[in-house]
Amino acid sequence: MSSAPATNYKVADISLAAFGRKDIELSENEMPGLMYIRKKYGPSQPLKGARIAGCLHMTIQTAVLIETLVALGAEVTWSSCNIFSTQDHAAAAIAAAGVPVFAWKGETEEEYQWCIEQQLFAFKDGKKLNLILDDGGDLTSLVHEKYPEMLEDCYGLSEETTTGVHHLYKSLRDGKLKVPAINVNDSVTKSKFDNLYGCRESLVDGIKRATDVMIAGKVAIVAGFGDVGKGCAMALHGMGARVIVTEIDPINALQAAVSGYQVAPMDEVASIGQIFVTTTGCRDIITGKHFEQMPEDAIVCNIGHFDIEIDVAWLKANAESVVNIKPQVDRYLMKNGRHVILLADGRLVNLGCATGHSSFVMSCSFSNQVLAQIALFNADNKEFREKFPEFAKTGPFDVGVHLLPKVLDETVARCHLDHLGAKLTTLTETQAEYLGIPEEGPYKADIYRY
């Protein structure tokens, strides 16, 4: 991507841009969905005139997402949605390519808020955003609460995560949501791939890089058995751990039980767990009473979204002392004489202690994000929707929380198959008539659960 460096940015070290560029080029080959979108929609410039404020982990994979948005005509500003998840060479490369980015690994909470606000005022000629691309809801909340005037000409927002989607639905119920929102998280090619298969690989990567501990034979407690929890349980079991699942939902608990996992409350298993992983998106999953029960050098980490799943504040206030072993690895001495090892300060372990999900699975997620941004920006563009019939059902949007249509979900899946050498079977006309579906899809009803 060739353009002048951004004049308004803040990254850790701009000299890392060349390193970041090499990594971006390597990832592009592993992100066929985004490359397909650039090739198919690029000539039409469907995001020309869009001003997208993005708040999402500033990684190499996100750099490919950003450059895809730019290739489609958008002006973009960026911040990270997590204080530890930025890859500094990725941020440098994006700044050097001309995108105002405000992100570095190891931000303070104050710096994190500063970065999000700075991006809002970094568009050319002092213009305001007209689209939001969010991960977790912090940017959405900031604009709604502090800068509501920016929503007057905003086409809408797209949200990446389970946590952020929960906040959107709550905001809608409370009458506080002011623009249309697309729930990217619940696209099948996001939740069933990023959340499950992505976490299945990146959780263990984070734990291993942080601790070098052998997982085989250990008791691992996985809090939550949604898609993220399923992926984590599979990964730990595959490494030889004895996995115990905690759940509030009887359906998820039953799924865990018939998958071969013991299901029990945290209060009952905290004393035997050697590795603890929270995946719920809820607060107070691991609290002081659990820390006090844990065996020596229990490893505690989170792969939900925010750091409130683990009561880190209690741990810091009540531990006798703490020793920083290495970045994002802290060993706390408890008053009972035992130690607890906390990873990534209770934030996302796969991004804080490793590099997050692989490029390929993020291509699935980010393809949905790009399609959502296109859909929002062109919701009233009848000519565009006639030219690209896959967008025929994407608008106009009312204020509310919407899903992308099944045809776009299938498009995302389809454009990743060649990379894996997978070939589809084609329905015959007779078969399609028998099933009552079009030969070219969509193949499943919206209520189908994959």
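For all residues, glycine too, the Cβ spot is worked out from N, Cα and C.
According to Swiss-Prot, the feature substrate binding site maps to Thr59, Asp135, Glu160, Lys190, Asp194, an assignment based on similarity to another entry. Sequence-distant neighbours of Glu160 (substrate binding site): residues of the same chain at least 6 apart with a C-beta under 8 Å from its C-beta are Leu56, Leu133, Asp134, Asp135, Gly136, Val184, Asn185, Lys190, Ser365, Gln369. Reduced to three states, the DSSP call for Glu160 (substrate binding site) is coil.
Annotation source Swiss-Prot lists NAD(+) binding site at 161-163, Asn195, 224-229, Glu247, 303-305, Asn350. Around Thr163 (NAD(+) binding site), the same-chain residues six or more apart in sequence whose CB sits under 8 Å from its CB are Gly136, Gly137, Gly281, Gly304, His305, Phe306, listed in sequence order.
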Between Asp135, Asp194, Glu247, which of the binding-site residues has the fewest other CB atoms within 10 angstroms in the structure shown?
-> Glu247
Greatest Cα separation in angstrom, residues Thr59, Asp135, Glu160, Lys190, Asp194 binding substrate per the record, works out to 17
Least Cβ-packed of the binding-site residues Gly226, Gly304 (other Cβ atoms within 10 Å) is Gly226
Close in space but at least six residues away in sequence, with Cβ under 8 Å from that of Asn350 (NAD(+) binding site), the same-chain residues are Cys199, Ser202, Leu203, Asp205, Gly206, Ile303, Gly356, His357
How many Å lie between the Cα of Gly226 (NAD(+) binding site) and the Cα of Asp194 (substrate binding site)?
-> 12
